[in-house]
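K.L.:
Here you go, one structure.
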């Protein structure tokens, strides 16, 4: 054995192929471990759609339901609140939700009221600044933070303000309008959050 | 009997005694170490404290979203001496960073990162990085409201990465919000994975150091100086055995450190909300955000950098890049500062000014990150100033100063602008 001539080319080839095959094996073996960090089936199930009846939500009231553990605001907006919406446009960052906030709602909610039915606002109640939950300040009366308050949301963390359609005002830290989740109406008084309407993608 | 055992052991593990001598009684360290050289051994002391107290905390801690908060209260109230063990762990975490920051500053000031100690520095930076991950995950475990929202904000930083960001956040949390799965994996990483990595890195850090030998406040290499000392004719004349000389010196440091630590643990364990935040005494609540979300003090300088960099081209990723860059640039320090003189004692005026500006910038970023500027600025400049603008202007200047130090240092040493003083042949305190 010791006297045989060493075939270096063959040795290099064997070393390289062993290393490559071993490397592929390591990568393949890593896949299950990395995938194990994905949201589990149980977490995804908890992220399943939420169905909510609207029958008992009076005009001007807000209901908070949890969807994917996120607070979802459901508001029955009053005619006065709705009438005030267009008047806010000059003070907003993205009134038509087609600029920086273009991805903050499904296409079917990209309108003046940011909703399917004008009076019903369905929105994820998370401030777009650092993820706090803004307070619902629905009454149209002068507030310390805005003498001309027309109803909306006020974030206690860094004082971001939104109107009654979750559209962010200018001059506050939050960059975008609050997010509208996918949702649709199962019937006239029942809404399902987490599923788009049929035909809309 | 004892001799017989030593002989029996020596025959079976002949390498142990020489290894002990190499790293302890025959490791010749420069004789002129000063106060700044306490912090390496103190870091080991705190690491041991964290491991021992951590092991005992796991015995009563319940790593689940439903049970974590209550189990920490249980440790604090019902477990005998549980409060002490937990306060030793939480105080240790903050003091770890105090010690490590001072240790790193020592390395910068005396040029301990320079050739031939680049590897020692890089391994030390890796320790720092792992330590930050360790501290962040430990902070989440009590599952108070600050734990929850801190986790949400910090993990959301990864969400700013274009394209993959959103999915990455879900992958890190294992859910759509910080949840049971997040807490479980952070617990596993905090008590098993990262401590193992940390211990390995500490061993490598010390092994790399002992290979090249310690630097000293004069920045002269005792290995290149005259040979021959009281113990060995071939070893550096300006070196003394690590044991017993520096073990005893370090013991004095340990004594002082333990007095300070004990004072904090017994009289001010929350340190006025700096070591343990008040909002974390409220259980995690995904529908209620604390009034102010800010990281623990040791992260504030880096976190301030995130806040100071504005969104650009429709993404907020630049702030996150700048934050990671502020740490990455430290890794590269041995190749940024190539000045031949190590110690600040013999370096040019430009270096001294630059380092001072760097320290001011770092401390100022800490002020901004802790929101102390929101208290300070109205007192200094009147109550009716626009805080956001002031914070941004001040913070951006300081962010530029932080990075500017490294740019300056590169130009200063690569282009030969530095006018150094003559470096002595031997350490200045030799006899």
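Cβ coordinates are placed from backbone N, Cα and C, and glycine is handled just like the others.
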K.L.:
Could you tell me which of the ranges B:2-24, B:186-208 is annotated in TrEMBL as transmembrane segment?
P.N.:
B:186-208
K.L.:
What range among B:153-174, B:219-240 does TrEMBL record as transmembrane segment?
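P.N.:
That would be B:153-174, per the transmembrane segment entry in TrEMBL.
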K.L.:
Near the transmembrane segment (B:251-275), which same-chain residues lie under 8 Å Cβ to Cβ, leaving out any that are not at least 6 residues past its ends?
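P.N.:
38, 41-42, 45, 84, 87-88, 90-95, 296-297.
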K.L.:
Looking only at residues six or more beyond either end of the transmembrane segment (B:87-108), which have a C-beta under 8 A from one in the stretch?
P.N.:
36-37, 39-40, 42-43, 46-47, 49-50, 53-54, 57, 121, 124, 127-128, 131, 135, 138, 257, 260-261, 264-265, 269, 271, 274-276, 296-298, 330, 333, 355, 359
K.L.:
Verify whether three or more Cβ pairs under 8 angstroms connect the transmembrane segment (B:153-174) with the transmembrane segment (B:393-412), leaving out any pair fewer than 6 apart in sequence.
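P.N.:
These two stretches do not touch.
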K.L.:
What whole-number Å value do you get for the CA-CA distance of residue B:210 (ubiquinone binding site) and residue B:190 (heme b b562 binding site)?
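P.N.:
Here the two Cα atoms lie 29 Å apart.
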K.L.:
Do you know offhand how many angstrom separate residue B:205 (heme b b566 binding site) and residue B:89 (heme b b562 binding site) by C-alpha?
P.N.:
24
K.L.:
Any idea which of the binding-site residues B:89, B:103, B:190, B:205, B:210 has the thinnest Cβ neighbourhood at 10 Å?
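P.N.:
Per-residue Cβ counts within 10 Å for the binding-site residues B:89, B:103, B:190, B:205, B:210 bottom out at B:210.
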K.L.:
Using DSSP, how many residues of the domain 'Cytochrome b/b6 C-terminal region profile' (B:232-369) fall into helix, strand and coil, respectively?
P.N.:
88 helix, 7 strand, 43 coil
